[in-house]
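Novice: Swiss-Prot feature annotations, pasted as is:
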- ASP40, SER41, GLU42, TYR43, ASP44, SER89, LEU90, GLU121, ARG144, GLU179, LYS295, LYS319: NAD(+) binding site (BINDING)
- LYS123: active site, N6-AMP-lysine intermediate (ACT_SITE)
- CYS413, CYS416, CYS431, CYS437: Zn(2+) binding site (BINDING)
- 610-689: domain 'BRCT' (DOMAIN)
Amino acid sequence: MQNIDLISEEEAQKLLEELADKIAAYNHAYYIEDNPLVSDSEYDQLFNTNLKLEQKFPHLILENSPSKKVGAKIANKFAKVTHQVPMLSLSNAFDEQDVRDFVDRIKIFLRLNEFAPIFCEPKIDGLSFSAVYKHGVLTTGATRGDGYVGEDITANIKTIKNFPHKIDNVPEFLEVRGEIYIEKQDFLNLNKEQEEQGKDKFANPRNAAAGSLRQLDSSITAKRPLKYFVYSGGVTEQNLASSQDQLLTKLKECGFNINEISKLASSEEEIFAFYEYLKTNRENLPYEIDGVVYKLNDFALQNRMGFIARSPRFATAHKFPAIIGQTKLLSITVQVGRTGTLTPVAELEPIEIGGVTVSRATLHNFQEIARKDLRIKDYVFLQRAGDVIPKIMGVDFDKRPNDTETFDTPLFCLSCNSKLHYTPEDIIIRCDNGLNCPAQNYERIRHFVSKNAMDIEGLGRKQVEFLIDKGLISNLLDIFFLKEKNDSSLAKLENMDGWGKKSVENLFKNIEKSKNVSLPRFIYALGIRHIGEQNAKLLAREFGSYNNFIAQMELLRTNEPDIYQKLKNLEGIGDKILVDIIDFFDVKENIELIKKLGEILNIEDYKETREQSGLTDKIVVFTGSLPTISRAEAKATAEKLGAKVAVGVSSNTDLVVAGVDAGSKLKKAKELNIKIIDEEEWLTLIKNV
């Protein structure tokens, strides 16, 4: 990852785009498919890089920034449930200094001189849920979903042992929130049953719990050993108690399971002592935990602290360090991605780390192999922090056998056998054979039909692979003629292995439904390198319609200077991305394919649907000491109203709020003729907005 301190604005824009796309994909895999693609530590590293970039370049914050979201958009198979109070995730602390910073932020934000009591509890590695009771009767159970809208799992939640269906002496409306999990031994027993029945084993207890809870058939859920803890009261918690410790006492009296392992800390030392106790004893607990949650105990203080886009200010999760294991590197295989990138993968002697059997690990790129001096038959150290695909940290050179084998970077593509062109300095190695490469063609089709692109449900990885292998599709266009081909064929798809009449009918219905698509989705679906959802939206906004888009892209092929300059001037489209766009449309087959798709699809013109307010997208700078509110509280209010708060004044600044002893920033704002107001005017402004 690049050094944030040295990065240019153009590089930052590109990196923010890439991070938004990556994190969105990882969120979808984790929250919706229950199938994590990267380790917790890798995810946290990406997310923190995104935050640091946004802090340095606040004017570059994207509409689809990961810092504004939690979870992922829910799937379509369950009814939707809107949370009255968003179910947000927690910010992370990775060491004692991060925790001290969290405590200091509370003191500064609330202008406290003394330590405010912090409630500490284990962070259960399970699936978050909400349960709503009306007149004491359980009426709705829901998953977190994207934090704002979850999935209705009422029937499934009722099958969990000891989960109250009816409670007495509670308000007319009650919400509880908590975590559903599977204990370690139950997980091992469940996987043994899966294996005996010839079914796939679950990767870890969290996946097993999530998969069990998200069953359409609640009788399957009833057979799974699910357990739960409640830890908050959602929209109604402050009607029940005035603090977190009082709330849990009340919920326990109502018959809910609460985690008895907790601590009300009155100092930082007590916080760290509880953390060390749990870290030391985590392996002895019957369930998996991946850290400790700290939250302000006093609800009135929580209210004053409020929230940022994806997490509360009054709480944080102190993560445990990764679990380290050692195993043997058996071989290195190579995967070819959608844009031709070759990625090495370590095939390992299976090892159990933290209750999960691991047999593969990503190596990211070929320089990583050389840098760590990895050789086949080496004994390697693995890091796992909630991982499914963990990270190789290094080699145990003391145990290196005499017969190890070095890995040679391939000279030819492992999929199409075309020659690879690269230099020893290249970090990324790509196959340039495009759609003539079977692996790239397969991945491009997978991307085209994916949720955030054409959204063709029923065309998952296995189905696409099957249709290609059988010769039923070979490119994007073939998808829309699949029904016609099936109708005229003697070998019907519904009679083939893995298919049935209903699944085929649904597939054809979903393909037909996908023919109505927005311009941003269509552009994203094309799979142009570095054109993620945000850049696709930029292009759609610029060109407005499909006809104009394709016409302008054809002009780009003729080296038309006006269109080149127009693209270059788009915020977010730098030189490198522009080269990727040109390379894509330089391929005649790509233009022809897009034109044919344009004849089949109804590609809707771009429409700006975002609601605007007086402060939306305005860049605001606070300077000096504000008389009645803290700087942090003022910043939080501005961001809540859609403004972007910057640390310095520039020609892009829209508004400066000046307090007492405002210095150089105020002077610069006057020089640039930027609007300046005081705290009283600011409070009036936000009240009117």
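Every residue, even glycine, has its Cβ placed from backbone N, Cα and C.
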Novice: From the binding-site residues GLU42, LEU90, LYS295, pick the residue whose C-alpha lies nearest to the C-alpha of CYS416 (Zn(2+) binding site).
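Specialist: So, of the listed binding-site residues, the one sitting closest to CYS416 (Zn(2+) binding site) is GLU42.
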Novice: Would you please pick out, from the binding-site residues CYS431, CYS437, the one with the fewest other Cβ atoms within 10 Å of its Cβ?
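Specialist: With the binding-site residues CYS431, CYS437, fewest surrounding Cβ atoms within 10 Å: CYS437.
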Novice: Specify the secondary structure state of CYS431 (Zn(2+) binding site) as given by DSSP, simplified to three classes.
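Specialist: Reduced to three states, the DSSP call for CYS431 (Zn(2+) binding site) is coil.
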Novice: LEU90 (NAD(+) binding site) to the residue listed as 'active site, N6-AMP-lysine intermediate': how many Å between their Cα atoms?
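Specialist: Approximately 10 Å lies between the Cα of LEU90 (NAD(+) binding site) and that of the residue listed as 'active site, N6-AMP-lysine intermediate'.
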Novice: Taking Cα atoms as reference points, which of the recorded positions GLU42, ASP44, LYS123 is nearest to CYS437 (Zn(2+) binding site)?
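Specialist: Comparing Cα positions, the closest of these recorded positions turns out to be GLU42.
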Novice: Over the domain 'BRCT' (610-689), what is the model's average pLDDT?
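Specialist: On average, pLDDT over the domain 'BRCT' (610-689) sits at 83.
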Novice: Rounded to a whole angstrom, what is the C-alpha distance between CYS431 (Zn(2+) binding site) and GLU42 (NAD(+) binding site)?
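Specialist: If we compare the Cα positions of CYS431 (Zn(2+) binding site) and GLU42 (NAD(+) binding site), the gap is 26 Å.
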Novice: 10 Å Cβ neighbour count around LEU90 (NAD(+) binding site)?
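Specialist: By my count, 19.
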Novice: Looking only at CYS413, CYS416, the binding-site residues on record, which one has the least crowded Cβ, with the fewest other Cβ atoms within 10 Å?
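Specialist: Comparing Cβ neighbour counts within 10 Å for the binding-site residues CYS413, CYS416 gives CYS416.
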Novice: Around the Zn(2+) site formed by CYS413, CYS416, CYS431, CYS437, list the extra residues of the same chain whose Cβ is within 8 Å of the site's Cβ centroid.
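Specialist: Close Cβ neighbours, site residues excluded: VAL336, GLY340, LEU414, SER415, ASN417, SER418, ASP432, ASN433, ASN436, PRO438, ALA439, GLN440.
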